[in-house]
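Data first, discussion second: the structure below is written as structure tokens.
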Amino acid sequence: MFKRKSYFRFFLEITLSNFIKESLIEAKEVLETFINNDQNIVAMESAIESFINTLNSGGRIYSCGNGGSMCDSMHFAEELTGRYRKDRRALAAISFSDPSHMSCVGNDFGYDAIFSKMVEAFGQPGDSLLAISTSGNSANVINAVNEAKKLGVTTIGLLGKDGGELKALVDIPIIVESKLTDRIQEVHIKIIHNFIQGIERKLFPEHY
């Protein structure tokens, strides 16, 4: 009995070890594919410049997404209103994630309107919207982008797979070309951190 249990534990450890390594290698390959596409780097530069122009003109940066992408949206905004690595003044950023608003609008207008109504309420020419969708086809994010374009808000799409419908709608599409949602999200958070640090480097060079 002891030998059987020991063998099973050994087999399980080997299997888990292989899985862990393969998973990390897979994540690394998705990131490397993204990095090696120069268009992605150019698009990220354009996005950072848009965010900086918005802040320098007294505008606001908005962000939205569903599920894990909403968590990324919230993280992006709180790192701007708070701080990333160094203390500095707060930056005007809002994540469209207020549960009372979402419940109200979802009940009265439908879930597809929860983000577009926020854009309608706050959006001004020169503002920027970071629209996050791993599929590129989230209806409520698409509606937010369409509303933003009406109001003169610059739209940046943080997307996955083939970019979906949002690829052609946003001003600046940034696409992580993977079919796996979790791998897309892993690269998305790296891109978001790059955005934040890029903004800080430009606006607060004394910290770098």
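Just so you know, glycine gets a Cβ as well, placed from its N, Cα and C.
Taken from TrEMBL, the feature domain 'SIS' applies to 51-208.
Taken from TrEMBL, the feature substrate binding site applies to Asn66, Gly67, Gly68, Glu79, Asn107, Asp108, Ser133, Thr134, Ser135, Ser138, Gln185. The Cβ neighbour count for Glu79 (Zn(2+) binding site), using a 10 Å radius and every protein chain shown, is 20.
Residues or ranges marked as Zn(2+) binding site in TrEMBL: His75, Glu79, Gln185, His193. Close to Gln185 (substrate binding site) in the fold, though at least 6 residues off in sequence, lie Gly68, Ser69, Asp72, Thr134, each with a CB less than 8 Å from its CB.
Other Cβ atoms within 10 Å of the Cβ of Ser133 (substrate binding site), summed over all protein chains shown, number 29. Of all the Cβ atoms in the protein chains shown, 16 others lie within 10 Å of the Cβ of His75 (Zn(2+) binding site). As a whole number, the greatest separation of Cα atoms within the substrate-binding residue list Asn66, Gly67, Gly68, Glu79, Asn107, Asp108, Ser133, Thr134, Ser135, Ser138, Gln185 is 32 Å.
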